[in-house]
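Visitor: Pasting the relevant annotations from Swiss-Prot:
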| type | residues | note |
| --- | --- | --- |
| CARBOHYD | Asn33 | N-linked glycosylation site |
| CARBOHYD | Asn46 | N-linked glycosylation site |
| CARBOHYD | Asn100 | N-linked glycosylation site |
| CARBOHYD | Asn231 | N-linked glycosylation site |
| SIGNAL | 1-22 | signal peptide |
Amino acid sequence: MLSLLAVVSLAAATLAAPAASDAPGWRFDLKPNLSGIVALEAIVVNSSLVVIFDRATGDQPLKINGESTWGALWDLDTSTVRPLSVLTDSFCASGALLSNGTMVSMGGTPGGTGGDVAAPPGNQAIRIFEPCASPSGDGCTLFEDPATVHLLEERWYPSSVRIFDGSLMIIGGSHVLTPFYNVDPANSFEFFPSKEQTPRPSAFLERSLPANLFPRAFALPDGTVFIVANNQSIIYDIEKNTETILPDIPNGVRVTNPIDGSAILLPLSPPDFIPEVLVCGGSTADTSLPSTSLSSQHPATSQCSRIKLTPEGIKAGWQVEHMLEARMMPELVHVPNGQILITNGAGTGFAALSAVADPVGNSNADHPVLTPSLYTPDAPLGKRISNAGMPTTTIPRMYHSTVTLTQQGNFFIGGNNPNMNFTPPGTPGIKFPSELRIETLDPPFMFRSRPALLTMPEKLKFGQKVTVPITIPSDLKASKVQVALMDLGFSSHAFHSSARLVFMESSISADRKSLTFTAPPNGRVFPPGPAVVFLTIDDVTSPGERVMMGSGNPPPTLE
C-alpha cells in the first residue's frame with residue numbers, strides 16, 4: 001500500500017471535529033489518515049472497502065508511480081487508502097452495482113485534463129470494478145476500454161439506477177462542460193448493458209430544463225421508475241416506454257443540480273411494498289435568471305415533500321413538512337431501522353462553483369450545516385424530524401461531498417471541494433478548501449453489545465424462507481424485530497443512486513438463537529444483485545452480512 005507521506009498523517013487531528021462525548025449518543029469519529037483524493041463519489045463494494053473517485057486534475061496528493069490518481073479504495077477497517085488507477089476523467093459521474101456484483105461507474109467530464117496526467121474524456125466512459133474478495137483491495141483493479149465499452153451518448157452529470165433485470169438505467173446529463181445550468185442536455189435514457197442501439201428520447205428531461213442535472217430516480221416495486229428533476233416528477237414505464245406525469249413539487253421548490261435537494265425511496269414493507277418518495281432541501285430560485293444574478297447568500301429551503309405512489313396518493317399530491325434548517329445539497333441515507341439520516345449541505349447558495357455573483361472563494365454556497373438530523377417515516381406529520389442526541393462536526397460537507405452507510409452500520413462521510421482543482425487548506429481567499437479528512441458518523445449501538453447474524457447464505461432466491469443462527473444481547477427484550485435487505489447505493493452530488501431498504505417478514509425462535517425471514521418476492525421489489533442484511537432488535541442493529549439477491553448472473557445483453 002502506498003503512503004501519502006506527510007499529507008496522510010496524524011497532523012490531520014489538529015483540524016479535528018469536536019471530541020466525542022462520553023454520554024451515549026451519535027458520534028463523529030475523525031479518522032487519523034487522509035483520503036488522498038476528494039471523495040466526491042463513493043460506493044461500498046465489500047465489507048471493508050469503499051471505492052471513491054475524484055476529478056482528473058493531476059494535482060491530487062495520492063500518487064501511483066509518481067503520478068496523481070483520482071481513484072482510491074478506502075479501507076473501513078484500517079482507515080487507510082490504496083490508490084486505484086483510473087484512465088478516463090470520472091468527475092461528476094454516476095455508478096451502481098450490477099446483478100452479478102460488478103460496480104460500474106459511467107459518464108464524467110468532457111475533454112481531457114492536464115496536470116501531471118493526461119486523462120481522456122470521461123463523458124462516454126464505462127469503468128468496471130469486478131467483485132473484489134480481498135478485504136484490503138490487494139489485486140483489485142478498474143477496467144476501462146473506451147474504444148469498445150462506452151455509453152451511447154455523452155453524459156456529464158448523469159444518474160443511474162439498477163432496475164428489475166439487474167441492469168442499469170442511465171438518465172440525463174450534459175454533453176458539454178457547463179458552469180451552471182444544463183445548456184446542451186442529454187435528454188435521453190439508455191441502459192447498461194445496452195437494450196437497444198440508440199438512446200431513448202425523454203420528453204420529461206426536455207421539460208425539466210435547465211436545472212435537471214443528476215436527476216433523482218428510484219426503481220419502484222412494480223418495475224417502473226420514479227424520476228424527479230427540477231420541480232417536476234414522473235413515473236417512467238421501461239417496458240412500455242411511457243411516462244405518467246405526477247404533481248410538481250409544491251411551492252416552486254427545485255431539487256436537482258445546480259439547485260440540489262436530495263431524495264430517497266422510503267423503506268418498503270411487506271406485504272404490499274407501497275412506495276413513497278421523500279424529497280428534501282433545494283431552493284425556490286428562479287431558473288430564468290442567469291447564475292450571475294444569483295447569490296451565495298440566497299436562502300436554501302427547509303421544505304421536505306413526500307408522496308405515496310398509489311393512485312390515491314398521487315391524487316392527494318405531495319405532503320409538505322420541514323427540516324429543522326434549510327439545506328442546499330443535503331443527502332438522505334437509509335438507517336437500517338427504517339429512519340432516514342439527513343446530513344451535509346449548506347444553508348445558502350447553490351451547487352457548482354464560481355458561477356454566482358458573489359462566490360465565497362470559489363463556492364456558490366455558504367453557511368455549512370454541521371448537525372445531522374433523523375427523519376422517522378411513521379411518526380406523525382410535524383414530529384418526524386429531530387436532531388436530539390446528534391453531534392455537530394466542524395468539517396463542512398457541501399459541494400462534492402459524500403456519505404454512505406457501511407456494512408458495520410455506521411456512516412462514511414468524506415469530500416467537499418467547491419474549487420476547480422485540488423486547493424489545500426491555507427490557500428489565500430479560500431474559505432472552503434479541498435477536503436481530504438474522513439469521518440464516520442457512529443450510531444449509539446456502535447458502543448454497546450449488538451445482535452449478530454452468525455451465518456448467511458451466499459445467495460438468496462426471491463421468495464425464499466431462510467433460517468439462520470443469531471445471537472441477541474441478554475438486555476434486549478426483542479419487543480421489536482426488523483430485518484432489512486439493503487442496497488447501500490452510490491453517493492454523489494447530494495444523491496444516493498440505487499439506495500434501497502426492503503423490510504422482510506421475520507420471526508425469532510423461542511430460545512432467541514435463530515432468525516427466520518422471507519426474501520422479497522421478485523426482482524421488482526428488490527432488483528437482483530448484491531445486498532446487505534441487517535438485524536435490528538429494539539433499535540440496536542447488528543453488523544451487516546452481504547448476500548447476493550438472485551442468481552448472481554450478469555444482466556441481459558443486447559443480442
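Cβ coordinates come from backbone N, Cα and C, glycine included.
A description of the local structural setting of each listed feature is requested, covering burial, neighbours and distances.
Guide: Taking the Cβ of Asn33 (N-linked glycosylation site) as centre and 10 Å as the limit, one finds 21 other Cβ atoms among all the protein chains shown.
Asn46 (N-linked glycosylation site) carries neither a helix nor a strand DSSP state and counts as coil. Within 10 Å of the C-beta atom of Asn46 (N-linked glycosylation site) sit 20 other C-beta atoms, taking all shown protein chains into account.
The Cβ neighbour count for Asn100 (N-linked glycosylation site), using a 10 Å radius and every protein chain shown, is 18.
Shown in sequence order, Ser208, Asp248, Ile249, Gly252, Val253, Arg254, Val255 are the residues of the chain, 6+ apart in sequence, with a C-beta less than 8 angstroms from the C-beta of Asn231 (N-linked glycosylation site).
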Visitor: Could you measure between Asn100 (N-linked glycosylation site) and Asn33 (N-linked glycosylation site) for me? Cα positions, answer in whole angstrom.
Guide: 32
Visitor: Measure from the CA atom of Asn33 (N-linked glycosylation site) to the CA atom of Asn46 (N-linked glycosylation site) and give the result in Å, rounded to a whole number.
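Guide: Cα to Cα, Asn46 (N-linked glycosylation site) and Asn33 (N-linked glycosylation site) are separated by 20 Å.
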